[in-house]
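In what follows, a single structure is set out as C-alpha cells and then discussed.
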Amino acid sequence: MTDKYNSVPDVSPHTGTTQARDFILRATDIKKSFGGVHALKGASMTMRRGEITALIGDNGAGKSTMVRCLSGIHRPDSGSIVLDGEDVTFESPNAARERGIETVHQTLALVEDLSVWQNFFLGREKTHGFGPFRTLDRKVMKATAGELLKNLAVNVPPVTSKVRRLSGGQRQAVAIARAAGWGSKIVIMDEPTAALGVQETARVEGVINTLRDSGVAVLLISHNFDQVMRLSDHVWVMRAGMAVAERRTEETSGDELVALITGAKAA
Amino acid sequence: MTDKYNSVPDVSPHTGTTQARDFILRATDIKKSFGGVHALKGASMTMRRGEITALIGDNGAGKSTMVRCLSGIHRPDSGSIVLDGEDVTFESPNAARERGIETVHQTLALVEDLSVWQNFFLGREKTHGFGPFRTLDRKVMKATAGELLKNLAVNVPPVTSKVRRLSGGQRQAVAIARAAGWGSKIVIMDEPTAALGVQETARVEGVINTLRDSGVAVLLISHNFDQVMRLSDHVWVMRAGMAVAERRTEETSGDELVALITGAKAA
Amino acid sequence: GCAGGSGTDGGSSSKVAAVIKGLDNPFFQAMESGIQDTADTDGVDVTIQAAADIGDTTGQADKLTTLAGQDFGCFIVNPISGTNLVQALSQVATAGKPIVNIDQPIDADAAKTANIDVATYIGTDNEAAGGKAGDFVLSQVDAGSEVAIIGGIAGDVTSAARIDGFKAAVGSDLDIIQESAADWKREVALTTATDILAANPNVKAFFAANDDMGLGIVKAVENAGLTGQITVVSVDGNKDALESVEAGGLSATVAQYPYAIGSLGLQACEVATSGGELPANIESPTALVTSAEAPDAIAAFPQPFAPFDNPLEDLLPTE
Amino acid sequence: MQAIGQNVRQISFWAENAAPIGLVALVIVFAILSPTFLTLGNIRAMLVAAAILVILAIGQSFVITTGGIDLSISATMTFGAIGFGLAFQAGAGFWLSALVAIVAGLLIGLINGLLIAKGKVTDFIATLGTLSVATGLALIVSNGKPITVTSDELLILTSGSLGIFGYPIILAAVIAVLAWFFMFRTRFGLHVQAVGGNEESAVANGISATRIRMAVYLISGGLAGVAALLLVARVGAAEPAINTQFLLNSIAAVVLGGVSLTGGKAKIVGPVIGALLLTALTNGLTLLGVSQFYQPLAVGLVVVLAALLTRFQKK
Amino acid sequence: MQAIGQNVRQISFWAENAAPIGLVALVIVFAILSPTFLTLGNIRAMLVAAAILVILAIGQSFVITTGGIDLSISATMTFGAIGFGLAFQAGAGFWLSALVAIVAGLLIGLINGLLIAKGKVTDFIATLGTLSVATGLALIVSNGKPITVTSDELLILTSGSLGIFGYPIILAAVIAVLAWFFMFRTRFGLHVQAVGGNEESAVANGISATRIRMAVYLISGGLAGVAALLLVARVGAAEPAINTQFLLNSIAAVVLGGVSLTGGKAKIVGPVIGALLLTALTNGLTLLGVSQFYQPLAVGLVVVLAALLTRFQKK
Ligand SMILES: Nc1ncnc2c1ncn2[C@@H]1O[C@H](COP(=O)(O)OP(=O)(O)OP(=O)(O)O)[C@@H](O)[C@H]1O
Ligand SMILES: Nc1ncnc2c1ncn2[C@@H]1O[C@H](COP(=O)(O)OP(=O)(O)OP(=O)(O)O)[C@@H](O)[C@H]1O
Ligand SMILES: [Mg+2]
Ligand SMILES: [Mg+2]
C-alpha cells in the first residue's frame, strides 16, 4: 500500500491524516554493514506518539540491528533519525537514554555477577559527594529498584541478590522494569517474551499496555503474530535489511503479515 | 484426570486401552538436584510409539532438566527410565544415542568454530583405517550431511562453512537435521522454534510431522500453545519439578492447559 | 656496531667473537667492558654477545652457534655451565679456530669427547674465591659461631662452586646453620636475611655468592640495627660493593676482576691469532678487599688494584 | 555464632575464604614449629616484606576483575625503579624522582591499555610484549647497571614505623583501603565489575569498556610505579633485574584471594591476604631452615591446594 | 593467481598469515643486513636451535586449542632432563633414560590433567602450581647439581644431519607432521577442537571433555619430555635450572601462529612457523651484533606487532 520499498511515509496513505509532528520517531534510509554483511540496506520506519508499533520479519531481517541503531549501540553508516522533530545522532547508549529512548535488548543486557539493583542502575548510578570521592547512593538505588520491580514480577526477587541466581523469567522482569522505570518517551523491546512462560508473558504484555496508556511509545519486536495482532497499533515489516511494508494493525491480518514477511505479497 | 501428581500412568484412564508395551519410553519418579536446587522432584512421564508428545510448563518447571536426563547429559539422582520395555541408564549422551534417542537441545549444542559437516557427525564420526591412525572419512561425512540438510533448510548452507557464519535459522536447521538424520526411535526437541521466523518455523513443523509419520516418537517442548495444539497427540504438563497432568491433545484446550500450568486447575 | 675492522677476509681473520653470560649482572658488564676497552685500544674488531639471563643455557648456545658460522678468527667464551656450549664449540674447533675460555671452565671430559681443544683458560677458581671468603670469616668470628649462606638461583653452578669453596674453608670450625637461595637478587636476599636474623639471633656471619645479594644482606643487618656486629662477605668485587666495603657495610668482598678477565681474554685471542703460544692456564688476579684495601681498589677500578704480572704482556704481537 | 557454625559446615564457606583460612593455618603451623615466627620483630619484618607484593596484587586485581591479566606488572616495576634511579642520579630529588617512577609505570600501563582496549590485542599477548619491551627499556636506559640511591626520604620510608607497622605496609594498607573504596563504593568500580562480568551488557548500558580497560591497566601500571619506590627504598638501589617471581606471585595472590580469572568478581581484601599468605609461607620456611630446594615445591603445593579449595566457591 | 591477488588486498589475509609473513619479512631484512644470514651453515644452525621451541610450541598448541594454557611446560622439560640425567648416571643407557625423561614429562602432564580436568582448577593456576612443583622436584632429585651426560647417541642426535637438516629439527618435523595428522585427520583432533570451541556442546554430543583435557596435558607433558632429550643433548648436561624463556616463547610462538587463546581454533603449521620466527629473530639480531639490551625490546615489539595483525583475522 505504501508506494514503494523505503518510501518515506510522511503522510501515511491509509490514514491520510497523520502529520509529521505525530511521529515521535522517524528513521530514514538507515544503512549499516558489518564487514561484508549488509544488515540494513536503507531501512526507514516511524513510531507514533502513544502507540505500540510492532516490527516483524524473518530471522536475520535486520530487526535487532535497527534496534541497536535506535538505542545508540551501533552508529548507522548513513541515514537520519529524527526524534520529536529533532535530528539526532547517538554517540552512545547513554546519549539515547538521555534523549528518552530505553531498550530491552534481545540478550537482556544484564551482568550476571552484579546484583539486581546494580543492574537496574547500570550506567546511570546515583551518587552523592564530590569529585573523585563521589560514592554510590546505595540506599536510594535499592529502594527505587525494589519499588519498580514490584509492579512486574510474579515472585519479586530481593534487589540485593545476584542476577545469576534469578530464573529466566525473573531476569526478563528486571530488564523490562529497568527500561520502563525511567519515565522515557520511547521503550523498545526486542522479543521480550521469546523465552517466557504463559504467566510471565501475560505480565509483560500487561506492562506494555500500561506503558502505552501512560503515553509512552513502544516499539515491539516479536515473532509471535498473535501477540502482535493483540497488542500493536501499527506494524512495520522488514525483509533482508529493508522495511518493506507498514500496516495499521486493525486493517491487516496474520495471513497478510506472513505473506509480507515471506515476500509472497509485494508490499 | 490422572488420580494424583506423579501417578504412574500404566493404563491411562482417559483412553482405557493403552498397554504398557505401547509406551516407547516411560520415565518414572525422576529426581534431580543441583546443589540446593531441586529441579526435578520425582517427575514421571511417558511417550508412545509414533506420536508427538508435548511437554509444557512455566519457566524453570524442569522441562530442560527432564530432557537432559533422557538424553544422557544428566544422570538422575533416582528414578527409572524404561525404553522399549527395557530398563536403561545412560552413562553418556552417546549411550542414549546408541539406544536411539536423539536430542535437539535448547542451546542447539553446536560448536561454532567447526564446519557444518563436523558438527553433523560430532561425537560419532565415520573413520577408516586401523588403530590410532584411523582417519576421518571426510568425503562420506560431507556427502551425508549435505544430503540430510537439503530436506530442511530454506537456504542450504555449504557443508564446509563454519557454523559461526550461519544465521540463527540455518543453525537450528543444522541441529534438527542432525537429530533427525539417524533413523532413531525417539527425537527430543527442546523449544526448537523459539527464535525462528515464520518460514523457518513452518519448515521445522513440517519435519516434526514427517518424523512422526515415519514412526519416530517425538518429544516436543514448547511455550507456544498453538503449536502444541496443532502438532501434538498427547500433552504432559510440568510444574515446579513435577509432571502434574497429562491430556490427549484432542481432549483438551489451550485454556485448560494454561490453567494446569499455572496451577489454577489441580490436575 | 662492528664496523671498521682490521680483519682480513678468509683464512684467519683477526676478528674476535665473545659470548658471555647475562648482562643483567654488573659482573658480566665489567667483563664486557674489559673485552671492549682492550679491543678498542688494540684496534681489534670484536663482537660481544650475552645470554638473556643466567639460566638461558640454550639461548647462549644458540648465539655461539650463530657466531660460529661467521668469519671470526678467535672465540672468547664464558659458558653458563660446564657443558652448555660444548656442542656449539665443536663446530668452532672443527674449523680450527682458537677458543679462549674465560671465567667458567668448560667441562674437561665433555671437551675431550667433542674434540675441543681450548687454547687457554683464564679465570678464577670460583671455589678458591669462596675459600678466600671462608678464610676471612674464620679470622673475623669466634670458632663455633653460627654462619648462614645465601646462594644464587637454586641449582646454579657458579653459586654451588663458591659455596662449596666457602664450606671447605670453614670446615667444622663454624656452625653453618642455614643455606638459602636468593636468585642472585638483592631484594630476595634482603628478605631471606631478615628472616634468618629473626630465627637465629646468634648468627655471626653471612656469606653471599655474589655482591648484589651481599648488599641485600647488609641492608637487612642495617635494618636489624646490627651493623658492625655481623660479618658479611660476598664474591665479585663490583663497584658498589667496593664502596660499601669502604663505607663499612660489607665486611669484605672477594674481587674477581671481571674486567681483567675480559681484557686478558681478548689479549689471549690476539696472541692466538698471531700464532703465539699460550699457557694452558692463566690465573686472573683475585683479592680479598676489606676496608683497608677498599680505597685503592676503588681508585684502580675496574683494573686490579694490586700489582699484577700479566703473563700475556710479552706474548702480545707488537704493532 | 550459630550462623557461622552452620556456615562452617558448608564447603563453599571454606572455598570463599581459602586465603584467610590458609593464612591462619600457616600461622598456627609455623607458630608451633618456630618460636620466632610470632615475635613482634618477625611480624614487623614480614609485613614490610609483603608490602610490595600487596601493592602489585591490588593492581593485578583490578585488571583481573575485568577478565584481563597484566604479565608486564613486574617488568613495569623494574622500569619504574630505573626511572627513579636515573632521575635521582640526575639530581631530581626524592619527590620528583618518585613522580618519574610513577609516570614510567603509567606509561607502560598506557601502552597496555591502548593495545588491549583500542587495539583489541589479547591481554595475555599484549602484556607479554610489554613485559619484553619494559625489560629491554630498563636495561637500555640504565645501561644494565644498578644505580645506588641514598636518600633520607627513602631511609625514612624503609625504617620508619608506627608500632609493628612499618611505613611500607602502611602505604600498602592505605592503597588497599583506597582500592576497596573505589572498587565497591564508586561508579568506576561498579563499571569495572560490569565490564568484567559481561562486556556486551555493560556497553549496552552505556559503559565505555574501552575507558574502563584503559583505566585498569593505568592503575596497574601506576601501582607498579609505587611498588618501584618501595623496591628501591628496600634495597637501596635501582636495579634492571627482572623480577619474574613478583609477576607469578601477584597473580597467585589474586587467585588465592578468591578472584576468578574469568573476571566480573571483584575482591580487594582477598588478594591482600593472598599476598600476606605467600610472604608468610616463604618467611616460615626460611625460619624453619627448610632447604632451598623444597621451597618451590611447598609454594606450588599451597597454590594448588588453595586452587582446589576455591573451586567449591558458590557461583 | 588472481585469487591470491585479491586476497592480498584484504587485511584478513595478512592477519591469518602473520607468522609466515613476519618470517619472510625478517628473512629479507636480515639477508640484506647480514651476508651470513642466508648461508647454509647459518640456516642449519637456526633450524637446530629452533627444534626445542618447535616441539614445545606444538605441545602448547594442543593445550591452547582447548582454551587452556600450560605454564609448567618449561619446568616440565627441566624435570624431564633431570630424569634423563639421573637414569643415565645410574647406568640405564640412552634408550631407557629417554623413556624416563618422557615418563617424567607425562607425570607432570598427568598431574596437570587431573587438576584441570577432574579437579576443575583453572588451567592458569594449576599449571602455575605444577611449575613450582616440577622446579622443586628437579632441584630435589638432582640435589641442585647439573649432571653431565656423555652419550654417543646424544652426540649423534646433536651433530647428525641430512643435508642442512640436523637430526633435532628432523625430529621436530616428524612430531609436527604427526601432530598435524592427529589434529586434523582423526576423531581425537576434532574433539580437541570441539571442546575448545564449545565445551558444553561437545559434551552434549557425547565427547568426554575430561578425557580430552587429560589427553592434551599429557601430550604437552610428553612433548616437554621429548624436548628435554634435545635439551640435554644440546647443553651436554641435565641441569635443574628453569628455562623461563622457553615458557614465554612457546606461548608467543603459538599466538604468533594465529591460534586464539580462547580456544577452538587449531593450528600446527602456524605455531611451528612462529617458533622459527622467534628463533630467526634472535639469530639475526645476534648476527647483526645488536646489543643484548636491545634484544628483549625487539622481541617485544615483534610480538606486539604480530598480535596487532592477528586481530584482523576473520572470525
Ligand atoms: N555484530 C555483527 N557482526 C556481523 N554481523 C552481524 C552483526 N549483527 C548482526 N549481524 C548480521 O546482520 C543480519 C541481521 O541481524 P539481526 O540480528 O538484525 O537480525 P534480526 O532481524 O534481529 O533476526 P532475529 O529474528 O533472528 O533476531 C544477520 O545476517 C546477522 O548475521
Ligand atoms: N546445571 C544447573 N545448575 C543449577 N541449577 C540448574 C541447572 N540446570 C537447571 N537448573 C535449575 O533447575 C530448574 C529447572 O530448570 P530447567 O532448565 O529444567 O527449566 P525449564 O522448564 O527448561 O525452563 P525454560 O522454559 O525457561 O527453559 C531451574 O530453577 C534452574 O535454575
Ligand atoms: Mg534479533
Ligand atoms: Mg528449558
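Here the Cβ of each residue, glycine as well, is placed from N, Cα and C on the backbone.
On a predicted model such as this, the values are computed, not experimentally measured, just so you know.
Copied from TrEMBL, the annotated features are:
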type	residues	note
TRANSMEM	E:12-33	transmembrane segment
TRANSMEM	E:45-64	transmembrane segment
TRANSMEM	E:71-88	transmembrane segment
TRANSMEM	E:94-117	transmembrane segment
TRANSMEM	E:124-144	transmembrane segment
TRANSMEM	E:164-184	transmembrane segment
TRANSMEM	E:215-236	transmembrane segment
TRANSMEM	E:242-261	transmembrane segment
TRANSMEM	E:268-287	transmembrane segment
TRANSMEM	E:293-312	transmembrane segment
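Here the transmembrane segment (E:268-287) has Cβ contacts under 8 Å with residues 19-20, 22-23, 26-27, 29-30, 33-34, 36-37, 42, 45-47, 49-50, 53-54, 56-58, 60-61, 172, 176, 179-180, 183-184, 249-250, 252-259, 294-295, 298-299, 302 of the same chain, all six or more residues outside its ends.
Contact between the transmembrane segment (E:164-184) and the transmembrane segment (E:124-144) is not supported: fewer than 3 Cβ pairs lie under 8 Å, counting only residues 6 or more apart in sequence.
If you count C-beta pairs under 8 angstroms between the transmembrane segment (E:94-117) and each of E:71-88, E:124-144, E:215-236, E:242-261, E:293-312, the highest count goes to E:215-236. Packing against the transmembrane segment (E:124-144) from elsewhere in the chain are residues 69-73, 75-76, 78-79, 81-83, 85-86, 108, 111-112, 115-116, 238, 240, 242, 247: each is 6 or more residues past its ends and has a CB under 8 Å from a CB in it. Between the transmembrane segment (E:12-33) and the transmembrane segment (E:71-88), the number of CB pairs under 8 angstroms, six or more residues apart, is fewer than three, so the stretches are not in contact. The stretch from E:45-64, E:71-88, E:215-236, E:293-312 that makes the most Cβ contacts under 8 Å with the transmembrane segment (E:242-261) is E:45-64. Within its own chain, the transmembrane segment (E:71-88) is flanked in space by residues 52, 56, 59-60, 94, 96-98, 100-105, 108-109, 112, 124, 127-128, 130-135, 137-138, 141-142, 146-147, 149, 151, 220-221, 224-225, 227-229, 231-232, 237-247, 250, which lie at least six positions past its ends and keep a Cβ under 8 Å from the stretch. Residues 51-52, 55-56, 58-60, 62-63, 65-66, 68, 70, 73-74, 76-81, 83-85, 98, 101-110, 112-113, 116-117, 148-150, 154-155, 157-158, 168, 171, 175, 188, 192, 243 of the same chain sit 6 or more residues outside the transmembrane segment (E:215-236) yet have a Cβ under 8 Å from a Cβ within it.
Under 8 Å from some Cβ of the transmembrane segment (E:45-64) lie the Cβ atoms of residues 70, 73-74, 77, 123, 158, 164-166, 168-169, 171-172, 175-176, 179, 183, 192, 216-217, 219-224, 226-227, 230-231, 234, 246, 249-251, 253-254, 257, 259, 261, 263, 266-268, 271-272, 274-276, 278-280, 283, all in the same chain and six or more residues away from its ends. Residues 11-12, 14-15, 18-19, 21-22, 252, 255-256, 258, 277-278, 281-282, 285 of the same chain, all 6+ positions outside the transmembrane segment (E:293-312), place their C-beta atoms under 8 angstroms from a C-beta of that stretch.
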